[in-house]
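Sequence annotations record features per position, and here TrEMBL assigns transmembrane segment to A:19-37, A:49-67, A:73-97, A:134-156, A:163-181, A:211-232, A:260-279, A:299-323, A:335-359.
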């Protein structure tokens, strides 16, 4: 088979990517159709509430793909990816706050409500520029990217790996959570940012905007997936696996392991940031609880359940677990955490390769035949 | 600080500006030069005033009892361990003590580990691909393409190490001896000037050993090879020049016959086996 020369086009030749993109786009089209053209009282009608809920799942799926890139392929178990997700979310939230303008409770044309409430005279310098969409969208990438760059540079240069790195990432997100809880930080304290009105001129409370956000999230997931797949399918992806399995050996082959780790980590953080930015307008709020260590651990559970180092496994895991969460927290709110823990234990014991491992096993037979033919 | 000091020497090219991959200068003979090297771990002297030179194109065997410092010596040459004192030069231009592991690898020093270390989740072919001498920075690696000449080169090495049949199998399924060969193949892909080979025949059958001996002797001349080995029969079959290490320093040096007749050597090492 002719392999494409262009690293970004390579994923499209892989069967798993074709299937993934096909399923994703089919889902987007079906949901859109059922939402728009089925009568309200039909059993097949998808409500705006469900569309937004699905959009939220897709955000989580993109976040899970980002975590799988660093955990599955690079062997870095990040227990702090929620921090990058939340930073992207806050960047988007700041843009949405500035869009409110004088429609807030206090009617101040520039200051968000919480600043008026705190008697702040003017906008802090780091809020400047967030009234412009392009600036905010760049910050969605840059804020998590720069944090990952600085954190990763220090950690990987000192060759911190394994459990120790996981603990530091956990501490990172915990520290950020404490910081963002403080009112003086200027991010709305424990209430966070909310009461959003519109995005790019579209009213956030209309069904059409919600559908648009859902579709945008689906496209972002597709792009993020393709970027990750392209990295994984490139020689750099194989070097990542080499770093994961035998770091010292990779170094003696002449690769700068810490730079490989840094590059992949930063790409992953930026994808997590994008996921956060799409999450915030759909759920309508961003507050410091997104930084909570528990959330970051949950992400890892999604990936483990779905299956590590497959990318699509992360998507399956994120969607299934969150769907189960929606259902069971509705039925028995107290039992959910026990169920999640039980599920995690069961999968680790009986399905060490996750749900994706089941799919792979079924595929294996024809694949080996192909290889020998 | 040393970077600032350099600024005061106007006649010099700054180290950080000099191209890393400048050619290895062997006009003066040795390709590897170690002098007065000392390393201690928590008070234990692993390397004790070690002096060693290896000439360009030479095949050198290093033997010595356990704990003689053989592996530590390789760690020093490849930049994994920094000595407390002493100097280590690659040719007469590159001071290895100032360089990182990847830099040393790209200068042309390849290393085979004592325990065969291959990337088990990758195929045999991919293992060799990663080892191939190429631009190993991030973006060139990301956009790297498999050119026909690379493929030819990998196939050539596959043939040398006799693993053509297994090229698309995962390296994890290889037998111990095959892993050893794959790792030697990875060394060859790097096109190193100096090969450091730690116990290449451990776990190999008699036949495999013979082929390894053949391969290593055929490399010498074009490349310099340093072999650390326990198996005396194997050393005898390939060695022209043998160095005996004991307690972190050189005990004796010479041909296999000279060394094995040295009373000191017999006492510390060969005597145990006889």
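Each residue, glycine too, has its Cβ placed from N, Cα and C.
What TrEMBL says about a protein is an automatic prediction, not a curated fact.
For the transmembrane segment (A:73-97), the partner stretch with the most Cβ pairs below 8 Å, chosen from A:134-156, A:163-181, A:211-232, A:260-279, A:299-323, is A:260-279. With Cβ pairs under 8 Å as the measure, the transmembrane segment (A:260-279) is packed most heavily against A:49-67, out of A:19-37, A:49-67, A:163-181, A:335-359. Of the two recorded stretches, the transmembrane segment (A:19-37) lies close to the transmembrane segment (A:211-232), with three or more CB pairs under 8 Å once pairs fewer than 6 apart in sequence are set aside. Comparing A:49-67, A:134-156, A:335-359 for CB pairs under 8 angstroms to the transmembrane segment (A:163-181), the maximum falls on A:134-156.
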